[in-house]
Amino acid sequence: MSAAIERNRAAAGHGATQQQRPKQVAHQRAANNARDSGAVYANTANAQAANLSPWTGSLPLVSDAELWGSGGAPSPLDWHTPTAAAGEDSERLEAVREAFLHSWDGYVEAAYGMDELQPKSAKGKNSFGGLGATVIDALDTAIIMGCERCVEKARAWIAGLSFDRQYDASTFETTIRVVGGLIAAYDLTGDKLYLDKATECADHLMPAFNTEAGIPYNQVNLRTGKGKNPSWTQRSSTLAEFGTEQLEFVALTQRTGDPKYQDAVERVVQVLRDRMPADGLYPLYMNPNTALFTSKKVSFGAMGDSFYEYLLKTWIAGGKTPAVGLYKAMWDKTMEGMIGTLFKRSSPGNLLYIAERNGNKLVDKMDHLACFVPGMLLLGSEGPNEERFLQLAKDFTHTCVEMYFRQPTGLSPELVKFREGDDFVSGAHHNLLRPETVESVFYLWRRTGDPMYREWAWRIFQAFQTNCRAKLGYAGLKDVRHTPPQQDDTMQSFWLAETLKYLYLTFSDSAVIPLDKFVLNTEAHPIRITPRA
């Protein structure tokens, strides 16, 4: 952890370590960098001026036939392709699968049932309340890779999992990892245990939405239902955290027939529709009771990222029908603002990047988290914007891989700062095994079939192998600028859920998790596309 982050965290009184809450800590870091409180955006006319379609549609229970087709629910492990299929790179595919098994076996040996493995200490830690984050995050990856023993062990553990615990859970992290992971396991196997557990978990999160405006708190106690926001947000809810539950909660309503999940998350979208800024770019903080923004900062990195992602993905997951047209209309508006306001080019390399904005000032800093943007653009590239978005995605992904290739370790720092004459320099030097760059590389491979993208993915994977592999699992790096590398002591659960899954899918045949059948949530859990009427 950098000294600056350590000082900021101490000042905020926030106890979790950087490794314990990777996305929340990145959110806090961004909060501490610059805040300009007091700005209020509450002009309904902005949404009307954007010509957004009216809010429509509720969902009936989706039958098994509607969800899975005439063949009925799939059998367990139905997504494993045991023999080489057209389009596979079998040798590299097996190397990634071996890395997953090494990660899983190290976790089972030293930390099973705990949230995350500490590879150097050969023990586990509970970063997410002891919900077994790695078990659930890794489950659908194991299903896709065909690790039957992994799936059997995970299922047995999940069967005994209780969410009745005295723990202030992150509404966002628990939704994307636990609820999303369990829904994906259900969608891949048809095993109702996973749906039941996803529903049980969501029920423990629902009290977070009990605010005057319906904007959920960042945290909720799983036993008492008491919600709260941390002091480092000045008690506001953060955009990426209150705006990244739609995919999972709408899916629950579709699969259970209970409208309360969809109603809760779509009330949030209605609030945001009515408060859309003129340029479509939302500030990062909102008071959950007044629904007034309390910041002028805009970012597609920490605290903003996945809100924009879910506007698009909820539209895709709903089958792109008129019932979800509002999501796409809002996303289109935000993309106009993003491209027209925040996209910049570096000097001398002419690298495309996305700046942050604080008030009227652009800040030439980009989190690695923002490297999800090219993949998002690809998923939304159709109609008159198709070729434009495709080229922007290619250029942006090139910037992200350069963040890897220009470091001695071959791995990207957590963030970079763009500087005239130097393109960029590392701004926070650690690497947490993050997935966003290989995510965008995966989408480019699926879209174009250009072998260059597989080569980029392989080069990044080899850098992880060289620098991050430990006796037990894999660990992040404290400083990507120096070799030999110094490892940290955490194997993030998203390493198994996202990074290795995206690498595996890049070397797989495109029939494995086809993108016309599934949408991957922000933790890379595949949720089956189910059209909304």
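Here the Cβ of each residue, glycine as well, is placed from N, Cα and C on the backbone.
Note that the structure is predicted; figures quoted are calculated from it, not measured.
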Whichever of C400, C468 is disulfide-bonded to C371 when TrEMBL is consulted: C400
Candidate ranges 1-33, 67-99, 463-495 [criterion: TrEMBL lists as region 'Disordered']: 1-33
Neighbours of C371 (disulfide bond) among the recorded positions E173, E414, T522 (Cα to Cα, within 10 Å): none
Rounded inter-Cα distance in Å - E173 (active site, proton donor), E436 (active site): 16
Inter-residue Cα distance where the pair is C400 (disulfide bond) and E436 (active site), in Å: 9
Cα distance (Å, whole number) from D305 (active site) to T522 (Ca(2+) binding site): 10
